[in-house]
Amino acid sequence: MIFNTPIFFWFFCIFILFYGFAFLKQPPKIYLLLVSSLVFYGAWNYSFIPLLVGSGIADYFIAQAIFNSSGQRNKKRWLILSLVINLGILATFKYADFAIESVADLLSVLGYQASFTTLSWVLPVGISFYTFQSMSYTIDVYRGDMKPRKGLVEFVAALSFFPQLVAGPILRAKHILPQMHAISMPKWLEAKHGFLLITVGLIKKTGADILAIPADKAFAAQESLSTLEMWTGVLAFAGQIYGDFSGYTDMAIGLAILLGFNIPLNFRVPYFAKSPVDFWRRWHISLSSWLKDYLYISLGGNRNNNRTRNVFLTMLLGGLWHGAAWTFVAWGAFHGAIITLTHYLANLKIFDRFNNSNTLVVSFFKWAITFYLILIGWVFFRATDINSAITIIGNLHTFGSASELGANAWTIFILTSVWVLLMHVMDYFVIKSADKLENKNGQFWLLIILGQALCLLIGEPSNEFIYFQF
């Protein structure tokens, strides 16, 4: 059940009708929210509902056990049980086949012929998101950052909260559980902001599906295209994944607002970043902050002169979180390497003047280098295998005569660039100036209607969101 489809529209209309009734007090709202979320999730594959609910029930009681245990050793045992359950679920459904195939490939390289049977299990939608969300709850209780909440139904409802269930943002229990305990319907201005975010998200998703055409063409015909066409394809994929993922997030946040919940931003115009570190402060913020708080710090953070190792391992595992393939591992390793290099250069006195300068020329140079590196990284993310990624990167740097290219190639490149820029302009507007528009009723609703109409006119039958596979 995808947000930008008629079936979800009717699902949400029916749900909000019951949800908003004045006589519907707190407990019934929670039950209705939980049941509706499970119906939403079951629309993909109802057989995975027990896995989602079971994961939540296990961590709910484990958190209680951690809090009530005497002695650090006993608390740690319960935490380890939570980690084993959550990481075991991920390992079984997401990484088992990858591990089996990798071992078979390694043995083949060493000269041994081995035949292994893979599990070939269907990957549950959103499994990487809800396992991380559930696991962070027990870690927070173990660290003493929060006390366990009473109310099993509230906890499972928070874990399965349908606006963000299948593709994030990854919510923290200390953020969402207090809201579950005291749900209130949004004020009129808040509801208007929700409608605005939903519309912006729909426009982004429509644009992302259009950008998928040149992106798919470039990555499928990597050796028969010109350098400009390859760059267009890579740029198109950068726009596609941004519009697709941030568009979903915008819609998720907007829907949550209409239900009376506040979900933090997950993107802050990431392609305007001026360093790889800055990029990860703007891109998929809920994941990058999760990795920092629960993995990077656990590895030691900046202590004991191990920052380089800890950064690299964190990004490597962050890449693996996205998918069970060596291309994702390479993508994570690439970002780990460029972040490490950024830290190294920042400590060199020769770069002090450059690092501290905010002049237009220097700022543009920082942005250009960063965006170039991000685009190279997306090649690993999108390519079918490492060899294809290396071939594409090589083709990106095989420069021919610009005069040999037709006007059509340049037109597509310019239109792609403009659309990627426009998506960021929309984001910047929502962050900085949305409240001004929301106070103008006529102009606001006109833009909402025009935006929705645009999606209906130029939109194609929608592809699933890219991050559903993670």
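The backbone N, Cα and C atoms fix where each Cβ goes, glycine too.
Lifted from TrEMBL, the feature list:
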type: TRANSMEM; residues: 7-24; note: transmembrane segment
type: TRANSMEM; residues: 44-67; note: transmembrane segment
type: TRANSMEM; residues: 79-100; note: transmembrane segment
type: TRANSMEM; residues: 112-132; note: transmembrane segment
type: TRANSMEM; residues: 152-171; note: transmembrane segment
type: TRANSMEM; residues: 324-346; note: transmembrane segment
type: TRANSMEM; residues: 358-381; note: transmembrane segment
type: TRANSMEM; residues: 409-430; note: transmembrane segment
type: TRANSMEM; residues: 442-459; note: transmembrane segment
- Message: Check for me, if you would, whether the transmembrane segment (324-346) reaches the transmembrane segment (112-132) - at least 3 Cβ pairs under 8 Å, residues 6 or more apart in sequence.
- Response: no
- Who are the long-range neighbours of the transmembrane segment (112-132) in its own chain, taking Cβ under 8 Å and residues 6 or more past its ends? 41, 44-45, 48, 51-52, 55-56, 86-87, 89-90, 92-94, 96-97, 100-101, 103-104, 159-160, 164-168, 170, 287, 290, 321-322, 468-470
- Message: Under 8 angstroms, Cβ to Cβ: which one of 44-67, 79-100, 409-430 has the largest number of such pairs with the transmembrane segment (152-171)?
- Response: 44-67
